[in-house]
Amino acid sequence: FARAIGDFAVGPSFCAMSCSAFLHRILIRDLPRRKRCSYLCFTLALLVALASFSCIGPVKTVVFNRAVGYEWEPLAKTLLLLVMVPLLILYSVLVSVWRSPSALVLAICGPYGLVYALLAIRVVASSGTYPAWVAWLLYYASETRAAVVMPMIWSAINDVTPPDLAVRVYPLIFFAVQVGGILGSALAVKARAFGGVTGILFVQAAAFVVI
């Protein structure tokens, strides 16, 4: 555990370190500004990714149960593997073909953001009703993103982070990610305040733009 959190683990070094020096180290202020901003952007991307995923989970289940029926959910979970395998193969191909991280992020997040935006528009056009195909598409879009989006961001972080720097920046990133999960769950509870299902779908589309 001490190795994971670096020199500021509980011990003599921690006690001797002043509060300002501790914050200086935690916030990686000794790094060049551009590099520090890149890690802050990575952190924001992971926070938004987990927050939006935590938010859409309950909404996805509610929409599926209303439009299709809860008795179909076991079948949906069974068929998930058939959807996941081709998607992961496609993701592996994109990773090997496109060396540009920005192009990879655009190729992954663009379609997901577009799917959520189109679903939101369809729900608005149908006056808040959920056709069965909307429920199925929302279900699989929400389930598959967990296996692609966050691993993609983490792979980009790992590619640019040497081990000595990882010891310092990863605890901060882990903390931000946990905050994102809490915020996403809170947003799901307050879904009506954000426009219900339609509002949450638009939030998902906006989240992928941010990522």
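Glycine is no exception: its Cβ is also placed from the backbone N, Cα and C atoms.
Automated prediction, rather than curation, is the source of TrEMBL annotations.
Feature list (source: TrEMBL):
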TRANSMEM  6-27  transmembrane segment
TRANSMEM  39-59  transmembrane segment
TRANSMEM  79-97  transmembrane segment
TRANSMEM  104-125  transmembrane segment
TRANSMEM  137-157  transmembrane segment
TRANSMEM  169-187  transmembrane segment
TRANSMEM  193-210  transmembrane segment
>> Pairs 6 or more apart in sequence, C-beta under 8 angstroms, 3 or more of them: is that satisfied by the transmembrane segment (169-187) and the transmembrane segment (79-97)?
In response: no
> Cβ pairs under 8 Å with the transmembrane segment (79-97): which stretch of 39-59, 104-125, 137-157, 193-210 has the most?
Replying inline: 137-157
> Taking the transmembrane segment (193-210) as the reference, which of 39-59, 104-125, 137-157 gives the largest number of Cβ pairs under 8 angstroms?
Replying inline: 104-125
